[in-house]
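> After the structure tokens below, expect a handful of questions from me.
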């Protein structure tokens with residue numbers, strides 16, 4: 001077959017895939033995926049598990065090792081049927097937390113640790129890059145088989161250009177369809193569908209070759225059975241240890257391989273699809289494995305000895321002259337290789353860009369300058385990452401030169417990615433798992449894998465010197481890479497798998513037990529482990545199809561009825577809808593709406609609400625935290641407003657109080673001036689009237705004398721009033737000069753009683769005193785205090801209306817203060833007037849009215865205050881009673 | 001003339017001075033030092049003129065005035081109010097309450113005599 005025709009077929013096939021991917025993508029954009037979202041497509045996309053290694057290599061494997069190749073199918077079958085609940089939990093977590101890769105899952109579970117993301121990413125790249133190289137090799141080999149008609153299937157010379165073209169073409173395809181858009185969830189409907197098509201092609205091709213072999217060459221089932229029985233394959237002894245190990249390895253790999261995780265979890269559209277896949281995928285694997293043995297047996301029989309059994313699928317039809325069938329087989333192998341490379345590249349590129357490129361980019365940027373479109377940056381990072389991943393695959397292929405090392409790289413890669421298992425499964429089932437444990441387990445497991453399996457696989461003296469492999473580093477026997485801790489005689493693969501997983505799991509467990517998870521870790525741990533306890537999110541019609549009514553209702557709650565209605569009507573008109581006011585919930589409309597809503601409730605809340613209504617993913621801890629932050633900002637803002645409002649209210653109250661006080665003061669001042677006017681004018685009226693009478697002359701002498709005495713009395717009254725006013729003014733201003741000194745209280749009281757006798761000198765008062773108690777010395781202003789006593793005793797003499805008037809003076813010392821009560825036995829002061837008596841001009845009404853100006857008690861109060869004490873009316877004493885409390889020692893005020 | 005003046009004034013010296021001035025001029029003066037019962041006294045003795053202090057110890061002069069004006073026998077009796085506060089507000093309040101004249105303390109003896117004469121002479125229905 002001419003090489004050019006082969007290239008043409010390849011290109012046609014690739015164009016077909018492009019078309020499929022393109023059509024599906026454009027349908028997806030219009031929200032009309034329909035049956036393309038069926039469980040069938042999901043199941044078929046899982047078939048990327050079957051790479052070229054499985055397609056071509058399984059036959060070779062069977063030819064070399066008998067039925068052992070079946071372990072590669074048993075593992076996934078057991079996992080899909082028996083571990084269905086684990087897969088379901090992974091898928092649920094993946095959906096709820098919008099997991100983008102296995103690195104993202106592990107990083108998110110352990111407190112969004114980017115260090116973990118980086119570790120997992122690097123491990124995945126290291127472990128699977130050779131695997132990509134393996135696919136390139138298989139394509140190159142198959143090309144070679146066709147092009148040069150080399151039935152022995154040896155690697156052709158000058159294969160590099162082919163590999164380059166294949167790698168470049170795959171990179172182009174992957175970039176075109178793998179980075180078209182950046183969903184919150186990394187779903188690529190076009191690619192998934194194209195892969196499903198490829199899955200059909202490879203299954204069809206393999207079965208076609210099988211049918212040709214069984215019925216075309218062997219002459220039917222019975223003939224085939226006889227040949228199989230006769231072949232060497234049945235002679236292979238089954239090694240139970242190795243079988244168990246391989247089944248375990250394949251089972252682990254089917255969930256840990258980045259590409260498998262990608263299609264299984266990330267591309268999962270509906271959790272229900274998994275239920276179908278749990279039996280359909282094992283069925284697919286069974287069909288794929290059905291004709292492996294017949295092809296291997298027939299290949300060994302028909303083809304010359306020394307032919308590469310890995311290429312039997314191709315070389316058998318070719319040598320039998322079945323060009324078309326060979327072409328189909330070639331396309332099957334091509335499909336296996338390309339689909340694996342594409343998805344692996346997407347999965348790895350997502351990890352590399354999300355966990356390595358973007359964090360570095362964000363860190364390198366000047367702070368606060370994230371103005372450009374981050375989406376563009378992410379997409380470009382992903383494109384570059386795809387290119388890098390494929391370039392590395394090609395580089396590995398080129399360096400290894402298609403060596404035999406590649407043949408076993410599939411299982412080595414399996415063992416490498418199996419190191420993710422403890423952290424992943426532990427993370428979703430054990431809340432006690434911690435970041436430190438995960439990091440320790442991954443690093444230990446990966447190191448053991450590299451040391452015991454990966455590096456030795458390059459052969460003696462390639463990486464490790466032969467001596468190290470044989471005797472251990474520095475001759476330490478128990479550190480021999482392929483016989484750790486003296487475990488001699490084990491199969492190297494099983495040996496490495498056992499020790500790496502065992503030490504990985506131990507480090508993970510111990511690391512988790514001895515460390516304590518941080519708050520985000522605990523939150524995430526709970527969210528992951530208890531993922532099924534959360535409420536199931538309501539799903540829209542046909543999966544993520546949103547009910548526009550639901551969006552409208554939600555928008556009305558936030559924007560208000562009218563604004564929301566207008567927004568929706570405009571959108572409906574823009575979509576060209578005449579009949580309905582409800583627009584189609586296209587991604588563009590939904591994202592517009594989200595933007596509108598975020599103007600009202602903040603971006604995170606808007607996103608969470610939209611996500612809730614559309615059922616796309618759920619609210620993550622990050623979302624909640626952002627919502628909380630925004631709410632906190634709002635609350636802080638409103639608290640600030642509230643504070644300002646309260647402050648304004650306080651200021652207003654203070655102003656009102658000040659104003660009231662001023663008004664009151666003004667009223668008081670008016671009243672005071674009015675009182676003073678009255679108190680001055682009253683004696684002046686008498687003085688003027690009698691002086692005019694005197695001036696007129698012609699008066700009887702008695703009248704002259706009387707007039708003179710009245711004038712004298714009223715003049716004294718005026719003088720006294722002015723003295724009191726001045727005194728009070730000085731006392732009130734606080735500028736009074738006190739003459740402090742030690743004075744005997746008894747002497748002061750003696751003097752006061754004597755002075756007060758001027759008042760009603762004709763009335764005899766009984767004065768009751770406790771002279772012993774009075775005999776104490778006060779440090780005070782004696783003259784001022786005496787003034788107070790005189791005032792109080794005079795008042796008692798003036799107003800006491802008892803028939804046998806008494807004045808009681810009681811003195812008591814208490815805690816550095818002295819208490820002096822002065823009481824009479826009259827009728828006292830009416831209750832309603834008691835509050836008034838210490839005010840200026842606060843004279844009693846009616847007959848109790850004093851003849852004075854009413855300043856006496858006001859002056860007393862001011863004096864006592866200046867002496868550091870208090871004076872109060874003492875009710876309930878049977879008469880008028882006043883209590884003075886003074887400090888024993890008054891200290892001079894600080895100057 | 002023998003006309004009768006009711007003097008309601010709590011300050012004894014002022015009351016004595018006014019009493020002296022008016023008596024010398026031929027007026028008959030009845031003196032009360034409180035507001036309580038003043039209106040009753042006025043109704044009983046039906047004075048030709050009432051001199052009323054603005055600030056009494058028990059009632060205010062305005063209250064007494066209101067009582068006087070509220071009784072038919074004293075409603076038209078001329079009232080001269082005296083005040084020691086001398087603010088225009090008091091003058092207005094007195095006028096509103098029905099005082100015929102208003103005089104601030106201290107006053108000249110001639111002033112009060114002239115005012116009393118004028119009020120009593122301009123009281124056509126004084127004893128109506």
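Count begins at 1; order follows the chain as displayed.
Quick reminder: no glycine exception, Cβ is built from N, Cα and C everywhere.
Unlike curated records, TrEMBL annotations are generated automatically.
What TrEMBL records for A:627-675 is coiled coil. The domain 'Histidine kinase' annotation in TrEMBL covers A:675-890. Among the features that TrEMBL reports, transmembrane segment is placed at A:6-28, A:40-63, A:69-87, A:115-134, A:162-179, A:191-218, A:243-265, A:277-299, A:341-362, A:374-397, A:436-455, A:493-516 (among others).
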> Contact between the transmembrane segment (A:374-397) and the transmembrane segment (A:162-179) is defined here as three or more C-beta pairs under 8 Å separated by at least 6 residues; is that satisfied?
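Yes, these stretches are in contact.
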> Sequence gap of 6 or more, Cβ distance under 8 Å, 3 or more pairs: do the transmembrane segment (A:115-134) and the transmembrane segment (A:40-63) meet that?
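Yes, the transmembrane segment (A:115-134) contacts the transmembrane segment (A:40-63).
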> Would the transmembrane segment (A:191-218) and the transmembrane segment (A:40-63) count as touching if the test is at least 3 Cβ pairs under 8 Å, pairs 6 or more apart?
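Touching, yes - the transmembrane segment (A:191-218) and the transmembrane segment (A:40-63) meet the threshold of 3 or more Cβ pairs under 8 Å.
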> Ranking A:6-28, A:40-63, A:374-397 by Cβ pairs under 8 Å to the transmembrane segment (A:243-265), which is first?
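Checked against A:6-28, A:40-63, A:374-397; highest Cβ contact count belongs to A:40-63.
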> Might you confirm whether the transmembrane segment (A:341-362) is in contact with the transmembrane segment (A:374-397), defined here as three or more C-beta pairs under 8 A between residues 6 or more apart in sequence?
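They do touch: at least three Cβ pairs between the two stretches lie under 8 Å.
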> State the mean pLDDT for the domain 'Histidine kinase' (A:675-890).
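Average per-residue pLDDT within the domain 'Histidine kinase' (A:675-890): 86.
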> Which residues of the chain, 6 or more past the ends of the transmembrane segment (A:436-455), have a CB below 8 A from one of its CBs?
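Long-range Cβ neighbours of the transmembrane segment (A:436-455): 106, 109-110, 113, 115-116, 119-120, 123, 126-127, 412, 415-416, 419-420, 422-423, 426-427, 463-464, 481-482, 484, 492-493, 495-497, 499-501, 503-515.
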> Go through the chain and flag residues at least 6 beyond the ends of the transmembrane segment (A:40-63) whose CB is under 8 A from any CB in it; none is fine as an answer.
69, 72, 76, 131, 134-135, 138-139, 141-142, 192-193, 195-196, 199-200, 202-203, 206, 233, 254, 257, 259-260, 263-264, 267-270, 273-274, 276-277, 280-281, 284-285, 288-289, 292-293, 295-296, 299-300, 308-314, 332-333, 336-337, 339-340, 343, 407, 410
